[in-house]
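Asker: Below is a structure I'd like to ask you about.
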Amino acid sequence: MPTKNYAGTRYSELAEINTENVKNLQVAFTFSLGVNRGQESSPLVVGGTLYVVSPYPNILYALDLTQPGAPLKWQYNPKAMAASQGVACCDTVNRGPTYADGKIFFNTLDAYTVAVNAETGEELWKTKIGEINMGETMTMAPLVAKDKVLVGISGGEYGVRGFIEALDANTGRSVWKAYSTGPDQDVKIGPSFKPFYDQDKGKDLGVATWPPSAWQQGGGSVWGFVTYDPDQNLIFYGTGNPGPWNPNQRPGDNKWTAGVFARDLDTGEARWYYQWNAHDLHDWDGINENILVDLTWNGQPRKVLVHPDRNGLLYIVDRTTGEVLSANFYHAVNSHTGVDLSTGKVKVVADKYPVQGRVLRGVCPTAPGAKDWSPSAFSHKSGLLYIPHNNLCMDWESMEANYIAGTPYVGAEVRSIPGPGGHMGELSAWDLIQGKEVWTINERFPVWGGVVATAGDLIFYGNMEGWFKAVDARTGEVLWQFKTSSGIIGQPTTYRGPDGKQYVAILSGVGGWAGSIVSGDLDPRDGTAALGFVNAMRDLKNVTTKGGTLYVFKLP
Amino acid sequence: MNRIVAPAGIFLLLVLGACEREERAFRADPIATETEEKIALVPLSPGSGPPVEHRTGKGKEYEDNAYHVAQGKRLYTWFNCNGCHSNGGGGSGPPLMDDRWIYGGQIENIVQTIREGRPNGMPSFRGKVPDDQIWELAAYVRSMSGNVAKDVAPGRNDDMHPRPAENREPDSPPVAGGSIPPSAEMPQ
């Protein structure tokens, strides 16, 4: 699975490649995915086969690692509807396939979940999850736990009503489905729901915290990584921003958007919920990764989840109760002053409240947040969390948005700008107990891809200029780097090949929300293009071009 | 007498000429009807000569009229075109302020695009937007790349200044050749 394990730590025990020999890393083979769009996916290795899925049209390729040059074994084309590209807010990306029990599972942009025979590439089942005419698409990587495939819907910029759904892994039939807005019954909130904070207690808050019927197009899409704690039999996942972005159109806390749910895997019943950003003001989806780790906190063993939010805070939350243990800044923030730990609410700075028609300048962080989807890694060896993130602020103006199904429902003009220091991205190593940064690497552009940590004390990540790097996990020193053909926004994978050797794989191909100026051929004269990201990314066109290539590295 | 009439006539002509950009058609043809333009998408046509085309003239009428273009600008956000195309720089849809057109950059092509939709995700607005408003939208889209007269194009926004105003946009007539549609990048 792209998250490496149920806990989502993205930590590999492989140590053959280490701080000493990594400088000798060289290309083993490459493979063109044939699609020049943002490659946010993660290569997946099972036995002697490497699986990789392209952005729309979402072709799944299987490469034979037992043969020299890893020739193509088969490819599977789900023939996704071309029209789905129009309703994908932020490039036509896919965040990866996943494997369980002889099957590969992945989602298509036109909102189907597919199961394919991992040996033969034959389609086993295909289930329709969403309707593109309602603005629903799918980009996330499914999580398979026990016999269930967990999938969620994208479309937070199109006024969808977000949900997560569990499918039977053998048949593709729906087992349960839980919405992010609406009456308790639809949200699967029942007697076992025990949120930690008072503001989350009460009846039908998914209706009551909205203007009448606004919850029906209230967003709360589910497109991040899902994690699973087998001991509690709970899954954890975030909900996206409320729709529209313009907060003036939706007074109230807008439950259950921009928060995290813990649900029973078998029934889908909610156990607890915590809202990162009540009444979200700036498109801060709550979907960033929730990494499960066990810590000694003030002398007590605690089961926690770790979550770097778009709002610039790194949260440590007790995953059995939903209590916030700490929330520290990892990004420059001027729009709020952190969390009041007694109520769990973020303290918003009044002059950064986006009143309709007024241009707010220099709001930090920006709409994509201190950090977007790009998943962090936790090293069990160094005990540090490695966070790929942005350094961005923005100008924002709220405008009235009309809801027209299948068209965007945003109501804001945004222009992103570089944050303090002028660089736009960082890779930071973070000490969870101390609540502070240990080292950081500045990057010219946002670090829009994921991170892998290994027992060889290495951190692998790529930047949007196209460099793929290996970094010393303890010092942040760059020990090796290789320039790939296009910018990197993908998730690295490391695996042991059939020959017993360790390999490292990454997709190169710029795009995603940050890189759509290149992948979508956008016009840099309009700073508000790509929902305001183009303003900051104008130079990307001078640095890289589109691509779609898998690179695999090994020691000589 | 004649001596006086002549200058007055010239003056009147000047005034009338200037008025064309300001003329208002309050409700054009019955809103359910559609104009039939004969327009080609390519410069290629078998045999000799260019493709057969016939324009009704409606396009010019809309493009030369500041009221229609201004209405088009209002409708452009009203119908959420800006959600996919931003203020011309593009998003999930392609940019509309440049000289590259997949489906043709003449106003008649743009009307067809809006009415019928396009395969890679441009919705079809037929039956959802009255025909005269489709023409207004198309006239405004033409102004985004500087393809209407400067005195017809909208000026600077009162809201956030997203891009150079339409009336300061350098003319960028559609380039024959256009751009590769996303579908051309799709493996089979």
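Backbone N, Cα and C atoms are what each Cβ position is placed from, and that goes for glycine too.
Residues or ranges marked as domain 'Cytochrome c' in TrEMBL: B:67-145. Feature annotation from TrEMBL assigns region 'Disordered' to B:149-188. Residues or ranges marked as compositional bias 'Basic and acidic residues' in TrEMBL: B:156-171.
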Asker: Report, as numbers and ranges, every residue of the chain located at least six residues beyond the compositional bias 'Basic and acidic residues' (B:156-171) whose Cβ falls under 8 Å of a Cβ in that stretch; write 'none' if there are none.
Answerer: 73, 86-89, 97, 143-147, 150
Asker: Just give the helix, strand and coil counts over the domain 'Cytochrome c' (B:67-145), going by DSSP.
Answerer: 41 helix, 2 strand, 36 coil
Asker: Over the domain 'Cytochrome c' (B:67-145), what does the predicted model average in pLDDT?
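Answerer: The average pLDDT of the model in the domain 'Cytochrome c' (B:67-145) works out to 96.
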Asker: DSSP says what for the compositional bias 'Basic and acidic residues' (B:156-171): how many helix, strand, coil residues?
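Answerer: Taking each residue of the compositional bias 'Basic and acidic residues' (B:156-171) in turn, the totals are 3 helix, 0 strand, 13 coil.
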